[in-house]
Structures are given as C-alpha cells and as structure tokens.
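Peer 1: Take this structure first; my questions come after.
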Amino acid sequence: MKIDILKTHGSYNDFILIDEYSNDYGLNDEQRTSLTRTLCDRCHSIGADGILFIQKSDKADARMRIFNSDGTEPEMCGNGLRIAGRYITELLGTDNAVVETQKANLNVQKTDSIYEDIQTYEVLIGPVSFDVSTLPVIHSENTLQNTVIPKLSPDLSFTAVSMPNPHIITLVNEIRENQVAKIGKKANEIKDVFPKGVNVSFVKDLGDSKIFVQTYERGVGITNSCGTAMSASSLITCLLGINHPEKEVTVLNNGGMVRCKVNPLEQGGYSVLLRGNATYVFTGTLDFDFSQPEKAEFYLEEEFPQEEESYLKLEAYAKNVL
Ligand SMILES: N[C@@H](CCC[C@H](N)C(=O)O)C(=O)O
C-alpha cells in the first residue's frame, strides 16, 4: 500500500505525520503500531520519536493521535500538537483550530515567530493535574511534591504531574545525560510505582525566567525535547517561586528553545501555553506491505531546506543564551 508521509520536528523532537484526514488508508491500530515501530527505527528506516496520525473528528476541527516510537499510544504530545496544529490549519485554510486529543479538545494557533522566520504555533496544554491517581503513581498521599522516591533515587526529589500524560520533574544544579537516561529507564521499570510508565525530566534554573530541561520520554528514551515536559517544568518552577506566571518562561533544550506561559485558571488549577516551532523537513511516499514491514520502501518527494536553515539560526541563538 502507498502512504504519503511528512517528516517534521518541534525543537528536534521529530515526528512522521500521516494524514488520515484527507486519505482513507483504512488503517487499524495494529497497523498503526507496525508502521510506527518500523518507520521510527533510526538504524533501518526514516527514524523519528513518534508518528502523528491526523484524523477527522466529530468533536473538533480534527483529531491528533500520537504513537511513541515503541508503538505505544500516549495521552498527549506538546511538540507534536504544534505540528498537527500547523498541518490542520494549513489544510483548513485557517489560523487556528481545535484539535481532539485523547483527553481533551485543545486550541492551536499560528502566532508570531519565536525567532526570525520560523513557523511558530502556540498550543494550550491541559488538563493539568497533581492528583497521583491521574498519572498514575502509587503513593501514600494524594499528591507527590518535591519528594524522594526511594526506589528511584536516594537523593533526588520529584514532583508528579499529568499534562495529561504522566511526568515527574526534578530540579538539579547540573544535568548529566547519563543520569537522566539511567533514572528515566529505571522509572519505567518500577511498575509498582508507575504502572503505566512516566516521562522523567531534569530541570536546571538558568535565572532571568530561563530554564534548561532534558527528558527521558516513556516509550522513546532520551529525546532532544518534550513539549509537555517543558510545560510541566515551567509550571513547577512557577509554583516553587523560581519563575512567575505573569512572565513567559524561556525553555532551552537540546533541540533549541520554546516559550511557556503558565495560566492560573479561575476555577483553580492551571493550563500552560506552549509556543514554539513547527518545522517541516521533507515529504515522501512509502510503499508498505504489512506482512513484510522490513521491506518498506521510501521515495523522497520534497525537502524544505529554507525551514531547516531558519531553524538552525534559532538553534545557534538558543546555544548562545546558555
Ligand atoms: N514528545 C511529547 C510527548 C510524547 C509522549 C510521551 N513520550 C509519553 O509517553 O507520554 C511532547 O512533546 O509532549
């Protein structure tokens, strides 16, 4: 079967987008999982952190489903939602859209460039909850805030929050990638604490409303960035008084930079506005046989060198801020 794909990234958290809105490929979930595991493989295929499936919705303008590179389907993806937002608004010829995701219908909007000439979108991340049952995390109290999880680490303190996918966040003075990888892997093995796994982020405060975040993503591993994790980290630094909801937080990551604005809600609780790039890399066509996925062939159609060039400038700027 022939499938059109679009390779994209948000802060170099990279995704393959498959448009099931305009094309009836007749895929079932087993096939979506097979496509994801095959195509995300960085050694033998295109390589990506996940696949975004764009579908029709009877509740919103369109629906986004995200599959992690291991084939699992999480509740949400912040960087992916910006890309889905760009794709859907371009398809519908609008500047904003409501996108159905697993737990909520969320607004996406084209907005001012985050840096010179970058396709920029903002998405509202939520519902946000600190209730441990929403991740879930097995814990003796209703929330887990700034608390040591002895099975994970004897000295690091974590805060648990669902965005609504599950996150734990720790604030550190220095981020070491091998430690993020080790703790992230372990957190996803201790099923008696995190039965559905968890995204693990290490956050360094850089002062002046800037933070650096590195994440071990459930179902993927270390990624260049994770949108929901950067939103969660901005929120937690606001709650700790390090940052302030009135001021956008600049979040640096290994793939560049985004900005997050924490919104306290009238009814209590929070949502987070995540603003950043939605960059197209290339399009192409796949020849995919589900009985022989390893034999998939890919034919490149169009590249977007101008978008990559602009993004490289943002990346260089972000490195300078560090
Ligand atoms: N990269 C994403 C999050 C993707 C889902 C995550 N791996 C999970 O399993 O919850 C983002 O930008 O938020």
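Glycine is treated like the rest: Cβ placed from N, Cα and C.
Grabbed the feature section from TrEMBL, which reads as follows:
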- ASN13, ASN68, GLY78, ASN79, ASN165, ASN199, GLU217, ARG218, GLY227, THR228: substrate binding site (BINDING)
- CYS77: active site, proton donor (ACT_SITE)
- CYS77: active site (ACT_SITE)
- CYS226: active site, proton acceptor (ACT_SITE)
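Each of the listed features needs to be described in terms of its position in the shown structure.
Peer 2: Residues within less than 8 Å, Cβ to Cβ, of GLU217 (substrate binding site) and separated from it by at least 6 positions along the same chain comprise ASP49, ASN68, GLY184, ASN199, THR223, CYS226, ALA229. DSSP gives GLU217 (substrate binding site) a strand state.
CYS77 (active site, proton donor) carries neither a helix nor a strand DSSP state and counts as coil.
In the shown protein chains, 34 other C-beta atoms lie within 10 A of the C-beta of CYS226 (active site, proton acceptor). CYS226 (active site, proton acceptor) falls within neither a helix nor a strand when secondary structure is assigned with DSSP, and so counts as coil.
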Peer 1: Can you count the other CB atoms that lie within 10 A of the CB of ASN13 (substrate binding site)?
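Peer 2: Other Cβ atoms found within 10 Å: 31.
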Peer 1: In DSSP terms, helix, strand or coil for ASN165 (substrate binding site)?
Peer 2: coil
Peer 1: Can you give the largest Cα to Cα distance in Å, as a whole number, for the residues ASN13, ASN68, GLY78, ASN79, ASN165, ASN199, GLU217, ARG218, GLY227, THR228 that bind substrate in the record?
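Peer 2: Among the residues the record ties to substrate, max Cα distance equals 16 Å.
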Peer 1: Using all protein chains in view, find how many other C-beta atoms are within 10 Å of the C-beta of ASN165 (substrate binding site).
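Peer 2: Around ASN165 (substrate binding site), other Cβ atoms within 10 Å: 29.
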